[in-house]
Structure formats: structure tokens, C-alpha cells
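Input: a single structure, listed below in C-alpha cells.
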Amino acid sequence: MKIFIIKIILVLFNYVLLSYSINQDLNILNVYDVRFAQTHVIPIEGKSWILNNKTYTLTIVGNRDSLLLVKFIDISITGTSSIKTVTTKTTKEEIKATILTNTYNVMVWNNDIVMGTRLLNDPNQLPPTESNGEQYSNEHHSIMIPKEWVKPGMKLQFFENSNSFIKSSKFIFPNVGQDYTLKMWTLPFYLFGANDTNTRPFNQTKNIDDSISAGLSQVYSCSNILSLNHPIQRVDWPYLVLGPRNGLPGMLITNSDQKKDGYAIMEGVLNILTGIRVAFGESTSSIQIYAPLLHLGANGKYADTYGGLGGSSRGTGDYRYSDTFVHEQGHAMGLPHAGEAFASGSYPYVNGSLLGSEWGFDINHYEFLSITLSNTSKNYKGCEKKNVKDTQNRCVKQSVMQSGAGDRSSNYLFSMFSDFEMSIIQNYFKNSIYYDEQIGKYKKWNETIGSYYEYKPITKDYGFYRLDDGIPIERDIDVYTIVFTYSLVGPEPLSQIYPLLKSKGNLIRQFDPTNKTEMKLITPNTGSIPWYCFNSGCDYTIRVTYDDDSIKHILLQQGKRQYWKPMGDFKLNFNDPTSSDSFLLGVINVKAIKTIKKVELLETLMAWNGISKNSKLLTFKLF
């Protein structure tokens, strides 16, 4: 009898537990497929890839207006529904999962602070697709979330408003990452007599106009874009010295037709941009620099670049800020050619296409972007002969980094990158040093805690690469930028001091080879910065003479030594005119507190031992 009573009690207890569980479920609003649309429509947890044993992760960018998308499932005992139901069985009840189109709110939190509430739009109000294309979804509710709410620590809770009692979801935690501004300098190069009249006026080349910046902000994964003319403003030079390249010796050219191949001038300009970034203390920053090339051919008329070149935070090409520009700045942020990357196993989508990438979204047009070509695309006609196809035999877009420029719809300035490429761009910004102008301090991003922290620059690797993380010791001061070349084997025209560039710029730490205390710091193996001269030696010095005959010496972190042998043998090919070992390009900034009247390049072998007043003069220029 006791056993029977116990069994009855257990049955009743289990029934109560089940009923309680069901009722508890009924009070929970069930959500799924929650997504954020920025450059791409991605799950709130982000998206990851593992390629060649390396993990790539795309997250939601902080401080960027975003479209929130969500589907709802309502679980009810009654099973009432106006749309299809999915039925499951339990031992006691039949529960129907119903996809509804009720009215819903979302409350956005940041940690324990409520940022605000938004009423979600019904699925029939979802933004359209470019060129009236296939609808992205007919089930997602959506709403724009202001950028101020999109930050690490974000959490979402959804509420159903159609029942007699309020039903709420569990908290959902979007994976929000770094917020950052893509700051971009533009520095037009007017070469070989090019000017505002015979090419393009400076007011059209000095900066990216607002409409183009707005378009760029939708294809690059960033919080916003800040495009500014570089402090140097413009470069006007009648000649350009090209270093040895592709087995050919260096040369001085005075028109674009003298170049030996299509990329020679662009490579020369990129190398100068590298020096400018270093001289301005931006080598470890995420600041981009792009140089529109305006040069004349042998006929004295504008010669198009017909392409571009980019990498390592620099880019150059034509002045139009269009397809070439967006592609080269992709290289500048670390993106390779997508087709080549796929072949090497470092890009996930076949032949550099977008097959497998998430759809895109453009907030300016308020449209979704399909991964397939629209019928308004320039490349739509005949695409079946060259483009990758999806399962419905539709042409799939190519990445911007693999011949995809013409795949965009006709009313768009730029075509699409893949979602994977955005993860590379995000990683590029994570490792950079930022200057906070409001507080006058440097900061870096800490991904673990999801915030910036104050960063104090230090000299790493015993000064092998740079001092003080390459950061300026003085900012926003008047400077002269000195650009020079020197050939160890000649001819003489390859050794040049370019016309000076004056601007409001920055100054990095430098050493004076006439100062014994400073030279003691960089003496190989014994100084406190013992590897400063280990890359190629410290064998050259710039001597600047001002108009009052005062003199300044700046030791260059450049030499003619073999790698890791600052006191050892010269480079193996220093006498070969076709080798880069025989050529020197340098860029430094000096204070413009006085007018410069002469710049000299001196040979000062192993300068930490001190330099002679009669050091060998290699080249000079009077101003």
C-alpha cells in the first residue's frame, strides 16, 4: 500500500514538474537567427574561419549604425496560429511551435544600463535588395540600432506585445568588437610638370569628397571614415629617381614614358610614402595614406596610371578615388588578391568569389546586397562564361580584390568585399596604436576586456626596428620633410635631395652622431639600445645648415652592412647597379624653426664611434 501511494505521489510530482516546465516555457519568448547587418549580415556571435591553421573571426564593429534582424518562435499549449506550425510530442501534452508575425520590441542594454527600446518592424517592412532583387527574408523582424548603443557589453532582450501578458526573451549577447575610425591621408603627387591646369586641380585631388567617403564607409568594416589632405598637402617634383628594379638599374626620369614597366613609378612613390609614415611617427598606427598620381608623358600631356599599387598602409594610383583606389587600400589594410589567396588556401571562397559569403547591407541605400550579380551590373551580360555559379546557376560576384569592380549594381560606387575579408581588416586595426587627441595620450585596444587602455610607447627589440614604438616625441609642429636618394655606383643623377616639403607635422626621436652620450646609447652590444644599427648599419648622416649657419646632424638608421653585422662586411651586391643593395632612399623630418639653406648626405661609417668634420660628402642641395 505504501509503495502504491509513493508511486502515485511520484506521478503527480512529475506531472506538476512537467506542467510547471511547460508554463515556464510559455512565458519565454523564443528567438532565433538573430543577426546584425553592417557591411555584411552576420550572426550576433560573429563568424569564424580556420584556414592554414589560422583562425579568422569577424565580429560586430562598435559605434556603427546597424540593422538588427530576428526571427521569433512562439510556443503555446493551444497551438493557435495564423502561419505554419511545427509540432512536437511530449508524454503529457502536444506543444506547437509557431512562427508568428506579432508585434515585438527590443530593449538594448549595455551591461546593466538600459540604452533604450525600439519597436521592431514586421518582416514585410524589411529593406529591399539592390536592383529589386530577391528578398533577403520574409521571416525576419528588423530595426535600425543607433551606433551609440552598439558597443562591447551590449545585450538584447525581446518582448512580445500582442498577448494579454508580456512575454520576454532571455538575454542575448551580441559579439561587439572594437570601434575605430579609418583615418586616411591623401597626398597628391604632381610629377614631371603636372599642375592644376594640365591635369586635375588640387581642390579635386586633395581629398575624397563626401559622397565617395559615404560609399567607402559601407564597404570597409569600420565605425566611420575620416579623409583628410595630408599635412604636406601636395608633392610637386620635376623628376623622380627610381631605384633598381626587376634586374634593371636605377634611373632618373622626367616623364612617365621613361619608366621601364607599368608599376615602376608607383613602386617608387610607395617607397616614399613608407618613409613619410615613419618620419611623421605613424608607422605603427592604422592611419592610411594614398597618393593620387598626376604625371605627364613625353608629349607633355596627362598620362593615366592604368592601375594602382598598395600594401602596408599605403596606396597609389589614379586620382579618381574609384575602383583602383578601393582595391589598393584593401591591399593597404592587408588584403591579398582573393583568387591567389584561394589557391594558396588562405581565402575560403572559390576563385576569389563571394560564393559562401554572407549577404551585404548598405545603410546609405537602405538595401541588402546579394552575393549574385544583379541585372543592372556592368558585368551581368556574359557573366555565365567567367563567373562562379551558385546552386541556381546564377552568376556570383567576385571580390573587389579579384576583378569584382564591375559586379556592382549600376547605382553603386563600389562593389563588395567578402565577409572573410572584413575579418582581415578588423584584425589590421586591432594591433595598431592610436592617438587620442582629446586627452593627448596614446591607446591600444584590449580585446579581452573590450575597451581601449592608455598605452605608453616603449622601445622594443632593443631598437632594431624603431624607437618608442615609432611614435612622435613632438606633434603638430612646423617641420621640413627631407627626401633623398643615393646610389653607391652612380651615375650621379641617381643621388638627389628632392625639393623640401614644409608642413605642420610630427617629429620622432633622432640621434645626433656628434653627441657622444647619444652614440653611447646605440653602440652595438653594449649600449642601452644595442640593436639600433643591426639591420644594415649606421653609416649615413644628414647634415642640415640653416640660414643663420647653425648646423644640425641626424644619424640615419641605414647603412651599407650585411644584415645583423653592423661592424661587419658590406652588403654582397653593393657594387651592382641592378641590386637594391647599391641604392638608398631616405625620408626624415626636422624642425622648421629656421629656414634651411643646405642639406647634405654624409658617409659616416659606424657613426657610434663619432664622426669626422671632414666626413665624405655623398650628395647635397642648396635651397
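Backbone N, Cα and C atoms are what each Cβ position is placed from, and that goes for glycine too.
Swiss-Prot lists Glu328 with the feature active site, giving similarity to another entry as the kind of evidence. DSSP gives Glu328 (active site) a helix state.
Residues annotated as Zn(2+) binding site in Swiss-Prot: His327, His331, His337.
Sequence annotations record features per position, and here Swiss-Prot assigns domain 'Peptidase M66' to 174-435.
Annotated signal peptide per Swiss-Prot: 1-21, in sequence order, evidence recorded as sequence analysis.
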For the recorded Zn(2+) site, enumerate neighbouring residues of the same chain (Cβ within 8 Å of the Cβ centroid of His327, His331, His337, site residues themselves excluded), in sequence order. Gly310, Glu328, Gly330, Leu335, Pro336, Val400, Met401
Quick one: Cα separation, Glu328 (active site) versus His337 (Zn(2+) binding site), in Å? 10
Excluding near sequence neighbours, so keeping only residues 6 or more apart in the same chain, what lies with its CB under 8 A of His331 (Zn(2+) binding site)? Leu309, Gly310, Gly311, Gly315, Met401
